[in-house]
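According to TrEMBL, the features are:
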- HIS61: active site (ACT_SITE)
- GLU115: active site (ACT_SITE)
- HIS119: active site (ACT_SITE)
- 1-23: signal peptide (SIGNAL)
Amino acid sequence: MKLNFSILSKLLILQCLSVACLSQEFDFFYFVQQWPGAYCDTKQSCCYPKTGKPTADFSIHGLWPNYNDGSWPSNCDPDSVFDKSQISHLISSMEKNWPSLSCPSSNGMRFWSHEWEKHGTCAQSELDQSEYFEATLKLKEKVNLLRILKNAGIEADDEFYTLNSITNAIKEGTGFTPGIECNRDSAHNSQLYQVYLCVDTSGSDLIQCPVLPKSKCGEQVQFPKF
C-alpha cells in the first residue's frame, strides 16, 4: 500500500511539474505599441506588409508576460505552435492593428507566430491562443496613443518634444505611467519608438507598472512622420 501511495505521489508531482512548465506563472503583462515612423527610420529600414502601407498609427508589437523583478519567461511550450485557424476571425483586425514591418514583406503570420511562441505560450495559464490575440486587440482599442498624444499637442510631424511631456500626456490619457523606448535615426536623433503599459494577468485591465524598462531616450524626443 505504501509503495502504491509513493508511486501515485510521484505521478501527481510529475503531472504538476508538467503543467507548470506548460503554463508558466507570471506577474503582469507589458502591452507594447510601436510607432512605424521610428521603426522604418533606421539603418535596417522596413518593408510594408503585403496588404500595403499601414495607416499612420501606433501598431501592436506584443503582449509580453513579465515578472515583478524585471525578468520574463519566454518560449514556455515548444509543443504549442501557432495555429492560424485559431485566429481566423481576427485576421482583418490583426492586419490593420498588428502589421509586420520587417523585411522581406510578409502577410504577418511569421510575426504573429513569433509573438505567440515566444510570449503567448508563457500566458497559457490565463489565455489560450485565440484569447491571447483577442485580448491584445482589445487593449489596442482601449489605448489610442495617437489620439492621446494629439490631445496634448504632440503630433507625428518630425518635431521634437520633451520626454516628460510625452510621458505625462500618456499618463494623463491612460491613468498610468508608461515606459518609453526610443531609437536613433541616421542623424542620431532620439525618436519615439515604443510605448510600454502594464496589464493585469487576465490581459484586460491596465495597472501601475511594477517595473518599467530602462529608457535610453534623450531629453528631447523626435516624433517622426510616417
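Any Cβ shown, glycine's included, is placed from N, Cα and C.
Sequence features annotated in TrEMBL and their locations in the structure.
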residue : record      : Cβ within 10 Å
HIS61   : active site : 21
GLU115  : active site : 21
HIS119  : active site : 25
C-alpha of HIS119 (active site) to C-alpha of HIS61 (active site): distance in Å?
11
How big is the Cα-to-Cα gap, in Å, between HIS61 (active site) and GLU115 (active site)?
8
